[in-house]
Amino acid sequence: EPSSKSIENMRKFSEQYARRSGTYFCADKSVTSVVIKGLAEHKDTLGAPLCPCRHYDDKPAEASQGFWNCPCVPMRERKECHCMLFLTPENDFAGKDQTISADEIKDLTASLG
Amino acid sequence: EDEFEAAVLKSELPVLVDFWAEWCGPCKLVAPVVDWASEEYAGKLEVYKVDTDKSPGLVEKYKLYGLPTLVMFKNGGIVSESRREGAITKAKIKSYLDDFLQS
């Protein structure tokens with residue numbers, strides 16, 4: 001499990017970045033919650049929020065290189081977030097929120113390992 | 001990874017494989033849809049899920065880095081054009097599988 005400090009950092013980052021980029025969280029916020037925890041987990045273990053929706057041959061090298069550190073290059077350049085964390089308004093899966101509380105993250109991931 | 005060969009590559013039926021990772025949000029969305037497919041297509045299709053963190057060799061072999069990835073295996077090999085990245089609805093997986101099984 002990632003640390004509460006990293007989860008909180010990534011939660012705040014996600015809210016700020018959604019606002020800044022004009023994107024929205026997934027209508028199903030369990031997706032948002034899982035991804036935020038994944039970013040927090042990588043922040044704890046690698047020192048950087050490496051995208052949790054990819055596999056890497058060498059995670060530390062990828063974290064240093066930075067292409068896939070959130071917000072990743074595809075997101076920054078084209079608003080493409082395949083983690084479904086930041087969704088453009090026309091995306092079928094986009095909800096209306098740009099906020100998510102710590103309790104929501106906790107509750108929506110409670111059943112996971 | 002050892003079981004993969006026996007279960008997937010030697011299967012007589014086509015196999016749907018779902019490559020996922022623990023903290024991948026869209027992978028969680030896809031999981032119940034894949035479970036549904038496993039029941040709906042029982043007898044016509046085998047269905048397996050691969051945790052990519054536990055099976056890095058398979059990811060490297062088949063170059064399936066974006067997650068989730070759904071892909072079909074048939075007659076001991078991957079069907080490259082069946083590769084599909086990202087979340088998928090039940091309706092879309094049905095049409096994906098129906099098209100594949102009819103071809």
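Please read every residue number as a count from 1 along the shown chain.
Including glycine, each Cβ sits where the backbone N, Cα and C put it.
What TrEMBL says about this protein:
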- A:C51, A:C70, A:C72, A:C81: [4Fe-4S] cluster binding site (BINDING)
- A:C53-A:C83: disulfide bond (DISULFID)
- A:C53: active site, nucleophile (ACT_SITE)
- A:H82: site 'Increases the nucleophilicity of the active site Cys' (SITE)
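Annotated features taken from TrEMBL, shown on the structure.
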residue : record                                                      : CB count, 10 Å
A:C51   : [4Fe-4S] cluster binding site                               : 27
A:C53   : disulfide bond                                              : 27
A:C70   : [4Fe-4S] cluster binding site                               : 25
A:C72   : [4Fe-4S] cluster binding site                               : 20
A:C81   : [4Fe-4S] cluster binding site                               : 24
A:H82   : site 'Increases the nucleophilicity of the active site Cys' : 20
A:C83   : disulfide bond                                              : 29
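Using a CB-CB cutoff of under 8 Å against chain B, the recorded positions that qualify from A:C53, A:C70, A:C72, A:C81, A:H82, A:C83 are A:C53, A:H82, A:C83.
For A:H82 (site 'Increases the nucleophilicity of the active site Cys'), the nearest neighbour among the listed recorded positions (A:C51, A:C53, A:C70, A:C72), judged by C-alpha distance, is A:C53. Take the Cα of A:C83 (disulfide bond) and measure to each of the binding-site residues A:C51, A:C70, A:C72: the nearest one is A:C51. For the [4Fe-4S] cluster site, the Cβ centre of A:C51, A:C70, A:C72, A:C81 serves as reference, and the other residues of the chain with Cβ at most 8 Å from it are A:C53, A:W68, A:N69, A:P71, A:P74, A:M75, A:H82, A:C83, A:L85.
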